[in-house]
Amino acid sequence: MDDSDGGTCYFKRVGQDDCCCELENVLEERRKLPGATTKASTSTARHRRRLHSALIAIFKPSTTGSNEHKRHSVDSTIPIINAPRMSFFTSPTRVYLTAAAMRLVFLVYGAWQDAHSAMKYTDIDYNVFTDAARYVSRGASPYARDTYRYTPLLAWMLLPTTWKGVWWFSFGKILFSLADILAGALVVKVLVNPGSGSSSRTGMSSGRALRYASLWLLNPMVANISTRGSSEALLAVLISALLWAVLNRKITLAGFLLGFGVHFKIYPFIYGLSILWWLDESSPRTKDNSGNRNSDGERSSSGVIGTISSFFTPDRVHLTLTSLSIFSALNVSMYILYGVPFVQHTYLHHLSRIDHRHNFSPYSTLLYLSAAGGTGTGLGFESLAFVPQLLLSVVAIPLVLAKKNLPGAMMAQTFAFVTFNKVCTSQYFLWYLIFLPFYLPTSSLMKKPRLGISAASLWVLAQALWLHQAYNLEFLGVSTFLPGLFLASLFFFGVNIWILGIVLSDLGGLEHPSVLSSSKAK
């Protein structure tokens, strides 16, 4: 070894005496070989330097990573002992098993709380679902159960809850929990492979996609709502599958999912215009941007008629006809089986719905006063409430944002729809949370951590303030409708409007159309 550093070998200094002595002995023997020449001495010195570097790589690993190890290594048998540790998100199995375990813990805890606490874990809606399934099992209508406002398909799906056995009652909760995980897997699929609908698409790595999808998969709020017996996870599967089908131009499948989703729960109809508007921009076929021209370069049509005719592309017509056919077939079938009660409870009821319980909307107090007074107000504000809601979520947002970013536009639509809805419960938050992994990667909420933390904190705080007022009302019997509950609802509404403004600003600032949020903001 070179003793120019003060006479003490590096390996002796760090305590590797045996290794150092063995190396020095080998080198000393080579020096004593007869006939050693200057050339041999040069070779020996080079060999010493290489061994020195190799031992440094073993006993004092470089911080520059595997490339440095390769540079110092002289023998493939020398182990590299500082291999990088595996990230949790590099293993899909680990993420999905953790998500399943979380839901299992919630299910077991929920069963215990239902048995030992006056405040039940199981959502009241789940009791409605299972009661309706019990009516169906006896050959009756699910609408014989008061407050059942859903498609009969849901009651049919939950027929196993009527079978004998304590755990069969939880069949629906398990089904909804599995649907949660399936929805998360579909989110990962879209993030990794956005589809062929846009030349500007950029897919994520599997690990990065799992990180963002974990906002859904490992979200305690999502797991809690599903394990309490809310069916929103089934809609999450349908919507995430719809998004995948559209982005991959599976038009027939997309039409089926859209028609089925609107039948299952009305609100997915808001995505229809966004999808139709996006299909033109995302067409993989070569388009003539100069207008509708014939082979001689002359316009075959002009003005409004030409614009209208160019809108009706084969894909748009195909999607529209398929979705309408599925929606109509399901509704006609259910009407034949259950008659007018099906139409009334599944659809018409929501036009004049008055629900002031568990309602975050600022309309909740007005609905309460309206119900308590028993007075009418002409058309009724409960019907007029649809006007700003639909103008924003069904018309304005799709036309402005859909061609720039379809998943982002769908999130903005859903967020606006829920925010302005006259009935807003915790389950409805899942409608837009499923889109969060598509929006967040390049959002200002991620680029500006303080803004993101502030938005999340205010959103949670506003809910906590509202829940405090609701708890005093429902469990302590304290009338908090005015001013407490009303002010808490207004505060939550204001926070949501602020967040919606951030989302719209982010999406509106995209420079180029994209499938996912992969474009740079202006």
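In case you wondered, yes, glycine gets a Cβ from its N, Cα and C as well.
Note that the structure is predicted; figures quoted are calculated from it, not measured.
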Quiz prompt | Matching range for TrEMBL feature annotation, transmembrane segment, among 200-219, 360-379 | solution = 360-379
Practice problem: Mind pulling out the one from 166-188, 385-402, 414-439, 480-504 with the most Cβ pairs under 8 angstroms to the transmembrane segment (256-279)? | Solution: 385-402
Quiz item: When each of 166-188, 319-340, 414-439, 451-468 is checked against the transmembrane segment (385-402) for Cβ pairs under 8 Å, which one has the most?
Solution: 414-439
Quiz item: What stretch in 233-249, 414-439, 451-468 has the biggest tally of Cβ pairs under 8 Å against the transmembrane segment (166-188)?
Solution: 233-249
Quiz prompt | Other parts of the chain folded back onto the transmembrane segment (451-468), taken as Cβ under 8 Å at six or more residues beyond its ends | solution = 360, 426, 443-445, 485, 488-489, 491-492, 495-496, 498-499, 502
Self-check item: Beyond the flanks of the transmembrane segment (414-439) by at least 6 residues, Cβ under 8 Å
Solution: 125, 183, 187, 190-191, 209, 212-213, 215-216, 219, 221-222, 225, 230, 232-233, 235-236, 239-240, 267, 270, 353, 355, 358-361, 363-364, 367, 382, 385-386, 388-389, 392-393, 397, 407-408, 463, 493, 496-497, 499-500, 503, 506-507, 516-517
